[in-house]
């Protein structure tokens, strides 16, 4: 471990109100005697969050560009052209187009790279005021609030709109004045940088004082906004790319579309063909020289240099590979992504959220999706919870009304009657409601006489709001207590993980009690043998789940003072551990979270989003197979749609059937074993729908990988939560839902939408259009180059394979970047295979792009052969046509082959012809004023005479 100690300075020298780095935000910086020990052993102090800076842009950008095979090839050609007497096309005919392309791409890189410098040093003390965004990850020292707390908005990090409460360390709470801060000295030992927003493991060592554990409640993260707090002071522990905000900004794994892979392979094959043509031409040159030398030996000496001739012909034929292809596709895909971003049909007006294409590399992949993997909660459902039913002491409350409506919520007077009238279960009801009122992380905010609950989980908000209606009102939260109108309790500590949450309270009577709520599997395994109502509650849980409701079990246990103090000692010890602190805490929690007495269960509805059933039906008609991967119970998952359960498959294995397969996570552990995974996959592929329940995030990713690995089809994963990130990154295409579960899924996705139903247009319209546009653009680029430059091969047969060029140098150089640049753009941006109405009305049309029959190796080489035939015809037409009208003829052939009804395509084709004619006319008169192209002098007059 490396220890860095800032140079000791007085407050006067440290310039307490320095704003040099933050003139807009007004952060105050102090350089004090404070040491921060980083566990990673790597220590950097000043960071830039930009991808490039003034000095690194050129080398990094050039490395990025020339790592692409096509650009590296044209750089190689450019170098060859500089060798004296080698290039038949001049020294700069490839260099100029390459420079133009690199310049355009460079401008795009600069525009996309938002340059933002952030200069903060680890160990600094930063002061932030209300409303400001925090510049680094820092440990909270003190604040303006009486309880040394502060509120922060974390929507930039996790998308959650509720405020979070943070608590300063009591040991530093009084450090508020300049004199007090100047005496602050010590060190912080903490874990290395990581991307986990909700965890932090550190220990504060103040001089001559005991170590103090630091957890996530004491940490303010970069990107969060200070709210409802006048000011805070914090010690910087992570800056720049080490902050959790930047750790989560790491780009998703590199994904390439199938179309791009096919294109890259064909470029390699075309390069091999180019070499073959060069070798054939070399052999032709040898044969021609031998024949001429034998008959006319007295005219010249026999000369043979195979290596020199090979270089000449490689340069002569190199334009078979279109130099403008990559930059054309980049621009085309960028515009396609903008069309997705601007689509009003995918604009969720309720929250003003548009669809976002976070990458443009996979636009055409959207048109080839075969398997769709979807989360349930928040993806297929609204993630807006409404309390519907509950079970307390074996009695079910909240019977369904005769007429169900979306606004229907719990309304059963029997519950309050039993509580108020001395029913035998009165004490159970009181404990049940009290538990729900105190066992949560909700923060109450006062708006005049109203209480607004800020909750990180929609489930928690629904529970707290429900008990409020029953008279158990949660009113105040401090770092050490919560207050409810029915009863007051002191909050000593709480534990939480993905499956449960616990809180230890001291009641006004002085008793200690542990409340816990969580998944039924977790609670039931911790129940005491003396617990009642287990069988009845389990029956009610199954009833709730079959109705599609989300369930939680609630339980409690009483603690003695001795048990609590003994556990508290172990808890403090575990809290101070640096290595494996979370594991130590979990082991500590397990020691006290036991021998529970069951109180009952809650049931909350999370209804389906609008048009989810219709969207699923449409996608199924488009031959897209849908797999639902969820952590919910099997009964809840089944309830999301109509499922047909097969009694037996028999001979139907290996065929697609209108059946569904349902499997849970426990069974999946065995199904994903190497020996049986193929059998499981064959069974799953034989079903039209697959539902996997009770899955872990890793299991979700494993299922996607299984299909991706063994099935030659494009996969798409969609989810809204952090537990969906694995499968989103694993799939060929990842889609994030911008919902109530934060921004983790969205930040790691390729495309982001607000509603599941928007997949319909994203895939069936944008996907299909983009596929046809991109593939047609690629075919066009190759066609126009092959049709023109193969003419050089035909010309070699009549010029003795001398390496002479038939076209003027600069006309060739500008052929790709100017004369034929418009048609590919219009095809790639505006071409439509079908209208939007037709694609949505007849989703079966999606199978055309899905199967990839319009772009594959066979189609590619058919078009190349087609271009070969056209070039043959062009060359052997009358010489005056070839000599003076090749630009027109090529354009006309392009028009006839790629005929489009789109007005923009017509404009591009005829505009290209006009551009060529104007250039040709001007170019015929530039010499000798400009010393280029003397052979073009008078060509316009010559054409007029012969036409």
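Heads up, the Cβ atoms here are built off N, Cα and C, so glycines get one too.
Note that TrEMBL annotation is computational and uncurated.
Residues annotated as transmembrane segment in TrEMBL: 20-49, 61-80, 92-111, 265-290, 310-332, 786-806, 812-830, 859-877, 907-926. Summarising the annotation, TrEMBL assigns domain 'P-type ATPase N-terminal' to 48-95. Taken from TrEMBL, the feature Mg(2+) binding site applies to 375, 377, 720, 724. Positions annotated as ATP binding site by TrEMBL: 375, 376, 377, 460, 494, 517, 550, 630, 631, 632, 694, 700, 723, 724. Look at TrEMBL and you will find 375 tagged as active site, 4-aspartylphosphate intermediate. If you look up TrEMBL, you'll see 747-937 marked as domain 'P-type ATPase C-terminal'.
Secondary structure of the domain 'P-type ATPase N-terminal' (48-95), assigned with DSSP and counted as helix (H, G, I), strand (E, B) and coil, comes to 24 helix, 1 strand, 23 coil. Counting every protein chain shown, 21 other Cβ atoms lie within 10 Å of the Cβ of residue 550 (ATP binding site).
In the structure shown, across all protein chains, 377 is the one of the binding-site residues 377, 723 with the greatest number of other Cβ atoms within 10 Å. For residue 720 (Mg(2+) binding site), other Cβ atoms within 10 Å of its Cβ number 32. There are 19 other CB atoms within 10 A of the CB of residue 694 (ATP binding site), with all protein chains counted. Cβ neighbour count for residue 724 (Mg(2+) binding site) (all protein chains, 10 Å cutoff from its Cβ): 32.
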